[in-house]
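Taken from TrEMBL, the feature domain 'Palmitoyltransferase DHHC' applies to 98-227. Sequence annotations record features per position, and here TrEMBL assigns transmembrane segment to 12-32, 38-56, 149-169, 189-208.
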Amino acid sequence: MVFIRDPCGIACLIVTYGAVFYADYVVMRWIILTTMPVSIWAPFHVVLFNTVVFLLGMSHAKAVFSDPGIVPLPANRIDFSDMHTTNKNNPAGNGHSSEWTVCTRCETYRPPRAHHCRICKRCIRRMDHHCPWINNCVGERNQKYFLQFLIYVGILSLYSLVLIVASWVSPCEECNQNVIESQLRMIHSVILLLESALFGLFVTAIMVDQLHAILYDETAVEAIQQKGTYRPNRRKYQLLADVFGRGHPALWLLPCTSLNHASRYHDTPLLSHDV
Ligand SMILES: [Zn+2]
Ligand SMILES: [Zn+2]
């Protein structure tokens with residue numbers, strides 16, 4: 001389990017939890033309880049909305065506390081004074097020597113596509129970017145949970161918008177509401193409408209970026225460094241399975257560990273140079 005002590009990341013976590021709890025409060029108290037107390041749809045929406053909240057919380061917690069793919073530090077300090085000869089010696093031993101790089105900050109060799117994160121202060125396998133909203137890096141081992149989190153925020157935003165608009169379009173005639181209650185409901189509805197629109201658009205934009213990065217096999221870091229083009233073309237399904245696991249696609253949205261989740265580089269042995 002990892003937890004990064006970054007004030008910006010911790011503030012973003014608090015904002016995220018606050019926004020989700022507020023959405024749940026407004027939908028339960030001011031939309032379902034107030035506008036559909038006698039409707040048969042009320043229990044259906046209570047269960048479905050809270051299920052999405054639960055899955056959102058699960059995927060977020062997994063993204064926050066999972067190891068994004070931290071490259072272990074070597075047991076002994078590595079002497080880089082003979083780097084020019086070491087490169088020729090093929091440190092990976094598998095024909096990928098040119099893709100293995102040296103991190104002078106971690107003082108270690110790192111596998112292909114790993115990059116150093118200044119906030120996590122470690123090298124991360126297939127690092128995409130450091131995301132303050134999960135207070136963690138998005139890397140090889142937690143990108144699946146990050147994507148699930150984005151998808152559930154998107155679903156929750158859309159669901160909230162639909163419920164708010166429905167409560168305005170077909171108001172409850174038999175509900176006995178006083179003026180203050182009605183005004184409070186309107187204020188909370190407008191705030192949630194703005195929140196849902198804002199977060200919905202935000203996660204949609206990030207999701208498009210993430211899917212582009214996965215399907216074109218180029219992380220955000222590599223896109224900046226223009227390093228993604230040397231890789232052979234692979235099928236889009238395989239690229240998605242690298243992130244979401246080898247299980248059936250129907251299971252890809254479940255925020256649990258897929259047992260047969262194996263990526264190309266998971267089994268690459270790390271170096272332990274004794275100097
Ligand atoms: Zn590093
Ligand atoms: Zn990081």
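Positions of Cβ are set from backbone N, Cα and C atoms, glycine also.
Annotations in TrEMBL come from automatic prediction, not curation.
When each of the listed stretches 12-32, 38-56, 149-169 is scored by C-beta pairs under 8 angstroms to the transmembrane segment (189-208), 149-169 comes out highest. DSSP states for the domain 'Palmitoyltransferase DHHC' (98-227), grouped as helix (H, G, I), strand (E, B) and coil, give 72 helix, 18 strand, 40 coil.
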